[in-house]
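Down below is the structure, laid out as structure tokens.
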């Protein structure tokens, strides 16, 4: 049986300042670094060993992966970074303070933008300082692929090809896999893995730095789920 560990990145600087982050590349906070290291210690304590690691193109997830692997003496394992595991793109909300945005547009509207499965936030303009239109890490993508806004449905649609082409084949080969990514890209994976409804998935919370361990049988059916904590 194969295992998959999902870790949402540790607290970021913008989690701390209560800003919409999305595809903006912000760093871990001091607390976030400690959360990532703690995840690695828990992984080691539970004897989890990995054959392959995946993460996004964003620093907060990459560093979370590296801290966790270093603490568990597995920094050497193969690692693949992909834009498909990036956080959901929050469009024109990126960079805005969540409290200020709620005061401007109303709590209900902001809640819909954040939590609705199908509703898109306002699209970001290419000349916005928080747009990724000219970010060279996406230079090899067709320009129309780089999003201007995403909801969870769109996020799931871009995560799934990577699951089908890379993650699922690894698990079917009996490999143990670790993924360090983001609240919404991991929520999308969780929706698929656990067959969660469109309505119920919006209430799922992913704690920063908490390893979630799935055990699969040889047909990729989940036989166990465990959250690692003290």
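Cβ from N, Cα, C; glycine included.
Noted in Swiss-Prot for the protein shown:
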type	residues	note
ACT_SITE	9	active site, tele-phosphohistidine intermediate
ACT_SITE	87	active site, proton donor/acceptor
BINDING	8-15, 21-22, 60, 87-90, 98, 114-115, 183-184	substrate binding site
SITE	182	site 'Transition state stabilizer'
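According to its DSSP assignment, residue 182 (site 'Transition state stabilizer') is coil. DSSP gives residue 14 (substrate binding site) a helix state.
In terms of Cα distance, the binding-site residues that sit within 10 Å of the residue listed as 'active site, proton donor/acceptor' are 183, chosen from 11, 14, 183.
Proximity note: of the listed recorded positions (22, 88, 98, 182, 183), 182, 183 have a CA within 10 Å of the CA of residue 9 (active site, tele-phosphohistidine intermediate), given in sequence order.
Here the Cβ of residue 11 (substrate binding site) has 21 other Cβ atoms within 10 Å, regardless of which shown protein chain they belong to. Secondary structure from DSSP puts residue 88 (substrate binding site) in coil. Within the same chain, residues at least 6 positions away in sequence whose Cβ sits under 8 Å from that of residue 182 (site 'Transition state stabilizer') are 8, 9, 56, 58, 61, 85, 86, 87, 88.
Looking only at the recorded positions 8, 9, 88, 98, the densest Cβ neighbourhood within 10 Å occurs at 9. A 10 Å cutoff on Cβ-Cβ distances gives residue 22 (substrate binding site) a total of 26 other Cβ atoms nearby, all chains included. Note on residue 87 (active site, proton donor/acceptor): other Cβ atoms within 10 Å of its Cβ, all shown chains, come to 26. In the three-state DSSP assignment, the secondary structure recorded for residue 98 (substrate binding site) is helix.
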